[in-house]
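Asker: Annotation comment: TrEMBL describes 1-366 as domain 'Major facilitator superfamily (MFS) profile'. Marked as transmembrane segment by TrEMBL: 6-24, 83-102, 108-131, 143-165, 171-194, 237-261, 281-300, 312-331, 337-358.
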Amino acid sequence: LVLHVSLFVAYALRVSLSIAIVAMTNGSHPHSWSGNMFCLLQAPVYNWSAETQGIILSSFFYGYGLTQALGGYCSGLFGGKPVLGSGLLLSSVLTLLVPRAAELGMSFLIGLQVLLGLAEGVIFPAQYTLWAKWAPPLERSRLMNIADAGCTFGTFFALLVAGIICQSLGWPFVFYIFGGVGCAWCLCWFLLVYEDPAHHPWINAGEQEYIVSLLAHQGSSHGCSLPLVAMAKSLPLWAITIACFCTDWLFYMLLTSMPMFMSNVLHFDLRENGLLSSLPYIGNGLGHILAVLLADFLLARRVLGTAAIRKLFSALGMLLPAVFLVAVPYLGCSSTVVVVLLTLALTIISMTGAGININHIDIAPR
């Protein structure tokens, strides 16, 4: 549950700019500010082209990709708790600075987004380190996907609320509110989370023994050298890497660009934009939970083996969303149908949560 909330906060911080940038640029629809002309006068508006907006939004990923491996390595050395907590705290502080960076210039904002990506890049690797110490093998798929659902629910909440905040208070308050909440949650993280069950002072003794006994046979990889050559020759590793690249490309493209698409192509105002951009992520969050429950059911009843389940859920989670997205340009005149297709695409892609997104835990040496 604590990891669910932490990922909720992390993704709310991450997507806040995606919806706020619609209000930050002079391409926004004037009527979207009609509710509060005072905020319109106070909040600066920037003359950024669509290309410039794309560069600003994508700059987060310049840093995000650089600290993925580093986050996993540092988590192995120092533990998942301090690495994840530090990354989330730094992300929250940087989010508070976004309005000031925008005032200083586009280059400062891009640099800040790169730093934000560097900070958030350690969060996911750190959570896997914690799961390796907390999640029993037969429950791992369910627990990890319930936690990961925080990403989509955080996205839903951020997109929905940010549009309302932009209209009522002005876009800078999106970053002040989200960043402040993130800092407050980090305090809870450092107080509530422990690195492993053996050192948790409040855990039930029976539950503690249950987790420790089930994980005891796995051993530890701490101190072992990284088998880079063997990893480079591993076909399953390459398959997971390529599949994750493809699904992440689709997911993050929609995550960063959907609000601009809703504004510039479908011509929704800010409030409608926030609501409709957030809608697909309700389906995605629920889909994550349902997919893993179904996968665990099939596995427990021995209807399918682990490999078959991972392949089936991965294939459906990648192929069907691709079909829906290819159909969008041909149905662009019907905004209702487009929103339905985007919702279906993001709902069904959640099936990969019981496929490629968990498969690396299945095959990793213990």
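For all residues, glycine too, the Cβ spot is worked out from N, Cα and C.
Keep in mind the model is a prediction, meaning the values are calculated, not measured.
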Asker: Among 83-102, 108-131, 281-300, 312-331, 337-358, which stretch has the most Cβ pairs under 8 Å to the transmembrane segment (237-261)?
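Answerer: Ranked by Cβ pairs under 8 Å, first place goes to 337-358.
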Asker: Which sequence-distant residues neighbour the transmembrane segment (83-102)? Criterion: at least 6 residues beyond either end, Cβ under 8 Å.
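Answerer: Long-range Cβ neighbours of the transmembrane segment (83-102): 6, 9-10, 13-14, 16-17, 24, 44, 46, 71, 74-75, 108-109, 111-112, 115-116, 119-123, 125-127, 129-130, 171-172, 175-176, 178-183, 185-186, 189-190, 193.
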Asker: For the transmembrane segment (171-194) and the transmembrane segment (6-24), check the count of CB pairs under 8 Å (sequence separation 6 or more) and say whether it reaches 3 or more.
Answerer: yes
Asker: Summarise the model's confidence over the domain 'Major facilitator superfamily (MFS) profile' (1-366) as a mean pLDDT value.
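Answerer: PLDDT averaged over the stretch: 84.
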